[in-house]
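Per TrEMBL, these features apply:
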| type | residues | note |
| --- | --- | --- |
| BINDING | Ser98, Glu167, His195 | Mg(2+) binding site |
| BINDING | Arg315, Asp337 | ATP binding site |
Amino acid sequence: MAEDDGNGNGSSKPKQTPYEEAMDALSSLITKRSRADKTNKGDRFDLLFDYVKMLDLEEPISQMKIIHVAGTKGKGSTCTFAESILRNCGFHTGLFTSPHLIDVRERFRLDGVDICEEKFLAYFWWCFERLKKKATDDIPMPTYFRFLALLAFKIFAEEQVDVAILEVGLGGKFDATNVVQAPVVCGVASLGYDHMEILGNTLGQIAGEKAGIFKHGIPAFTVPQPDEAMRVLEDKAYRLDVPLQVVQPLDANLLNGLRLGLEGVHQYLNAGLAVALCCSWLQRTGHVGITHLENTNSLPEQFIKGLATANLQGRAQIVPDKCIGINSPGDLVFYLDGAHSPESMEMCARWFSLSIKEDGQQVFSYLPHENLNSSIELVNRHLEDSARKKSTQILLFNCMSVRDPHVLLPRLMETCASHGVRFRKALFVPNTSLYYKVGSHSLPPNEVDLSWQFALQRVWENLMQTNKGGDEKTTDGVGEDLKNDDTEMCVKSGETSAVFSSLPLAIKWLRDSVQQNQSVRFQVLVTGSLHLVGDVLRLVKK
């Protein structure tokens with residue numbers, strides 16, 4: 001519907017929904033300055049306490065029973081496990097994580113569900129308008145992530161959650177979530193090299209930033225860390241009189257035959273940390289009624305259910321493409337994982353390599369169940385197809401320019417190769433999401449700078465040249481070249497790669513390739529960026 005311009009003439013500009021208006025207001029808080037800008041170290045962290053006062057959140061935050069988790073990788077998974085465990089123990093939970101993949105409301109979960117649009121808008125405008133009214137030159141409007149963290153505190157306070165589980169956005173010491181002065185318990189997930197442009201060039205420096213969430217006398221838990229990082233964590237803990245315990249990976253036998261809700265061997269490490277955090281939280285908040293808490297040989301039933309039903313989009317997620325048709329649901333399957341550090345890239349490669357071996361079983365879990373007979377028929381047909389069809393592996397990749405592809409891509413390629421998996425083709429694309437815009441209604445600009453994608457392509461082609469001498473017999477991919485008549489879709493094609501000017505074009509190329517290669521199943525690993533994973537989910541789930 002066209003908007004009236006006040007003169008009785010309908011303008012061509014469509015009327016925005018209230019949600020789109022909120023997304024535009026949120027977009028106005030995104031700074032044009034790079035996160036890597038050295039001048040924003042700390043970025044006047046003290047301002048956060050001014051914002052908390054403006055929103056009358058001092059008292060509510062001090063009374064919240066908070067679990068606070070930092071780390072390089074696994075912190076989002078740890079928080080997700082912890083939320084699921086405590087929800088299954090009967091508590092009213094609030095979970096704040098980042099980034100979102102499709103909708104900003106994903107960052108705020110109440111009892112395991114994204115906050116509804118109605119509540120989101122009410123809390124959003126209350127915070128936004130109050131801050132706008134009180135903002136001055138000395139205390140300007142908060143930046144994007146800071147506003148979202150403040151909004152999370154407002155939501156959890158008003159919803160009166162029993163427990164608020166907060167994932168640190170970046171670092172720890174100067175993170176917006178670190179306005180919390182008295183959490184119930186803190187956690188530090190696995191540490192590694194990431195965001196070095198901000199957090200430091202050594203594991204020790206990075207560990208120091210993450211340990212910034214430690215508070216005097218508040219217990220903290222971590223997982224086994226590299227020696228350099230562990231020394232710093234222990235030193236910070238000692239100086240703040242923090243009882244710091246190292247937690248081992250969860251023993252799979254404690255799950256009574258069930259599997260973790262989040263896929264991947266590394267998730268047992270995150271699950272172990274989540275269990276320790278929840279046990280500590282329950283004890284310190286006086287909830288000692290959960291049975292077998294002290295028994296290390298078994299887990300309470302609520303813990304097992306929580307660990308088995310936890311879910312987090314974009315981490316080891318498998319999504320068959322619905323556009324290919326229900327008669328062949330396994331012909332194009334996306335394996336999505338937002339890995340973007342060297343260590344998580346290795347774990348992602350391991351997960352992908354093992355998952356594609358179970359390709360048939362994975363696809364069945366996404367088949368419709370309305371008509372059981374037709375579903376069984378589809379399964380049988382897919383099993384027959386699987387026997388005659390070859391599988392080929394495709395990489396769909398992008399990463400931020402502050403990451404080092406000379407480290408990420410070799411880790412990915414070598415780990416896959418060690419499991420006998422070699423990619424037939426690598427596709428490099430820019431993210432669809434605009435960096436300065438929030439909301440699925442925003443469109444990419446007409447002119448896209450692809451210089452970074454060309455750089456990624458060069459790294460990949462060089463790696464493929466270097467590794468050409470490998471044992472070709474272990475390759476799971478298709479021997480002959482893939483047929484796809486439409487070569488105009490990609491901007492630059494290499495021997496084993498292609499650069500596309502947009503993600504939709506790359507997806508179209510994949511779908512066309514499936515149609516033109518009827519004897520092939522395409523298994524596409526999407527990784528390198530959670531933003532890319534979100535963009536793919538948005539396209540294939542429509």
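The backbone N, Cα and C atoms fix where each Cβ goes, glycine too.
Note: TrEMBL annotation is automatic and uncurated.
A map of TrEMBL features onto the structure.
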residue : record              : CB count, 10 Å
Ser98   : Mg(2+) binding site : 20
Glu167  : Mg(2+) binding site : 25
Arg315  : ATP binding site    : 25
Asp337  : ATP binding site    : 26
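Between Arg315 (ATP binding site) and Ser98 (Mg(2+) binding site), the C-alpha separation comes to 13 Å. Cα spacing between Glu167 (Mg(2+) binding site) and Asp337 (ATP binding site): 18 Å, rounded to the nearest whole number.
In this structure the alpha carbons, written CA, of Ser98 (Mg(2+) binding site) and Asp337 (ATP binding site) are 15 Å apart.
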